[in-house]
Amino acid sequence: MEGKKKFITAEELKKHNKPGDLWISIQGKVYNVSDWAKEHPGGEIPLLNLAGQDVTDAFIAYHPGTAWKYLDKLFTGYYLQDFQVSDVSKDYRRLVTEFSKMGMFETKGHVTFCSLASVAVMFAIVLYGILRCDSVWAHLGAAMVLGMLWIQSTYVGHDSGHYQVMSSRGYNRLAQIITGNCLTGISIAWWKWTHNAHHIACNSLDYDPDLQHIPFFAVSSRFFNSLTSCFYGRKLNFDPLARFLISYQHLTFYPVMCVARVNLYLQTLLLLFSNRKVPDRAFNIMGILVFWTWFPLLLSYLPNWPERFMFVLTSFAVTSIQHIQFCLNHFSANVYVGPPNGNDWFEKQTSGTLDIACSSWMDWFFGGLQFQLEHHLFPRLPRCQLRKVSPVVKDLCKKHNLPYRSLSFWDANVSTIKTLRTAAMQARDVSNTAPKNLLWEAVNTHG
């Protein structure tokens, strides 16, 4: 039977990496996912990014055991010639199997129930503070509570996007719409679109949308060459405005984070009302309408515009803690240019992520995502399991001489600001031939 198998080389497989012609290899068997890409629950982007490669580790990371049965109808009849598995991948797959046998992917604890209960309580406190209290301090406190509500609601939306937190897929989708669209005003469809691409191409400057913040931020001087975003399909121009803003990004980082939600609202609207195919577009738009009904209505009960401005800015500032945390996990880690490689899944995740060390009682505050490496390696693993697997991941990194970076919240901030400052100083360098504007010249004139 072995002699009857049909084989193709890795070079031949690489040729099938364009829309309409997408082939992948999983455990040495070659599959044609060209038509399936349009139906893929994770969207088309992950398949486009990994097409023409062996993607076994990425497939294992993102799919439960029940997904294997759907591969047969996509099988091309070809096998990958000289198919090999690295020692790192062998250990990684062994861990996934062990965690699965232990039931860790199914044991979710009471995290979702407690989180939703806390969100409900916080929402009641916000309503009471606005509707029943006249004190400006009560209104300020309500704004802070609303910021915390958005943080916790986002964590539930994030979890439900990676694995089923409710009893059925229908309820899971409902939880996504409520916690994402209705409560935070950020579309779960937009989040899935960008987040899946981020996981697959972790810290690729031209493939990971979570690093593409031109003109405000650039974590690497490679952005100064005006890279083309393969995610957005446009050029990330390092123009005079970008040079000026990036030159001071280490000083503007925290102020910008305080209003970062405005960009998320804008990105949500741009996607939902674009020509792009959006899963459950109608439900997503309905959820957004719910948010833009209750939130302005709530603000209208405040006595004057200064208090309304204070309320919005305060709630945004509290939520900025979460935005900052997400940046800490990746901004100061290693970056690269080019598409992700399906054969070094473990290595790329360890290279592009950074954990935040904290006590176990703070897990609720960080939503489990302080274990960013563990989450990237095992995205289907419920957050209550991440602390348990952390020592195992650390040992595996040590065994294969791979980085395992875990910093305190303070040190992670310091590391991130250093990264931003380094790029800022490089942007100011007059020897860099990138364009400058008059404002940049005036501020940076010496002598």
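Cβ atoms here come from the backbone N, Cα and C positions, even for glycine.
Just so it is clear, the model here is predicted, and its values are computed rather than measured.
According to TrEMBL, the domain 'Cytochrome b5 heme-binding' annotation covers 5-89.
Here the transmembrane segment (111-130) has Cβ contacts under 8 Å with residues 138-139, 141-142, 145-146, 148-149, 152-153, 155-156, 159-160, 165-166, 175, 179, 183, 298, 301-302, 364, 368, 382-384 of the same chain, all six or more residues outside its ends. Feature annotation from TrEMBL assigns transmembrane segment to 111-130 (among others).
As annotated by TrEMBL, transmembrane segment applies to 136-153 (among others).
Annotation comment: TrEMBL describes 174-193 (among others) as transmembrane segment. Using a Cβ-Cβ cut-off under 8 Å and counting only residues 6 or more beyond its ends in the same chain, the transmembrane segment (174-193) has close neighbours at 42-43, 45, 112, 116, 119, 123, 149-150, 153-154, 156-158, 160-161, 165-166, 261, 264-265, 267-268, 271-272, 278-281, 283-284, 286-288, 290-292, 295.
Taken from TrEMBL, the feature transmembrane segment applies to 253-273 (among others). Residues 185-187, 189-190, 193-194, 216-217, 281, 284-285, 288, 313, 316-317, 319-320, 323-324, 327, 416-417, 420 of the same chain sit 6 or more residues outside the transmembrane segment (253-273) yet have a Cβ under 8 Å from a Cβ within it.
TrEMBL lists 285-302 (among others) with the feature transmembrane segment.
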So, by DSSP, how many helix, strand and coil residues make up the domain 'Cytochrome b5 heme-binding' (5-89)?
33 helix, 22 strand, 30 coil
Across the domain 'Cytochrome b5 heme-binding' (5-89) the predicted model averages a pLDDT of 90
